[in-house]
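These features come from TrEMBL:
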- 24-46: transmembrane segment (TRANSMEM)
- 58-81: transmembrane segment (TRANSMEM)
- 102-123: transmembrane segment (TRANSMEM)
- 143-164: transmembrane segment (TRANSMEM)
- 185-205: transmembrane segment (TRANSMEM)
- 211-232: transmembrane segment (TRANSMEM)
């Protein structure tokens, strides 16, 4: 399944269809989504356990998160490196070439996000510091899915630039993503539907959703976000001469 060529699209509709088909038929993408669902289950177990058990499971959660980031980076790189379908083995191979720079870039993004979160908490009368994330979740617990959706909307512009260009400079690629978003403004609605719809459903449903519904929303939402990513990758690939 790693080397199944797909015809280069010649229109906007074909590009969107190709992105959807490519994602739905790529085992590597479904492996990432499965890993994401596994992380959700593990995280819920950690939250529901006692302190002693949670301290052990937090270590397992950290290892699982590292593995999830590895396969995410690998599949993202494999999708950006060709127009073919991507299998799990192709994703794992690609991960060896980009995991280190990708992880360092994400670490810098987390630090930047923490600084901005502290500023936001202080601006709303909070104490900031290490408890900023906790304060944020307490002040606006219902808006966390929406924040996740907005981050997904930003990522589908940003990460394709990172992996197609193989450039892991944080501010440089974020700036390029903003320029691309402005230039491609007429197509923002399509990407917003793919990335924000699952978040809006989760926001409307609230915290009372059963586990099955949570997993289903993340399954469908994950696939939609990967379609958006593949669509943006396809647009960037079309800009490459030759």
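Sequential numbering from 1, following the chain as shown.
Cβ atoms here come from the backbone N, Cα and C positions, even for glycine.
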Q. For the transmembrane segment (102-123), which stretch among 24-46, 58-81, 143-164, 185-205, 211-232 has the most Cβ pairs under 8 A?
A. 58-81
Q. In terms of Cβ proximity under 8 Å, which residues at least six beyond the ends of the transmembrane segment (24-46) contact it?
A. 1, 4, 54, 57-58, 60-61, 64-65, 67-68, 71-72, 74-75, 78-79, 85-88, 90-91, 211, 214-215, 218-219, 222-223, 226
Q) the transmembrane segment (143-164): which same-chain residues, six or more beyond its ends, come within Cβ distance under 8 Å? A) 76-77, 79-81, 98, 102, 105, 137, 173-174, 176-178, 180-181, 191-192, 194-196, 198-200, 202-203, 225, 228-229, 231-233, 235-237, 240
Q | Same-chain residues at least 6 beyond the ends of the transmembrane segment (211-232) whose Cβ lies under 8 Å from its Cβ atoms | A | 15-16, 18-20, 22-24, 29, 32-33, 36-37, 40-41, 44, 76, 79, 152, 155-157, 159-160, 190-191, 194-195, 197-199, 201-202, 205
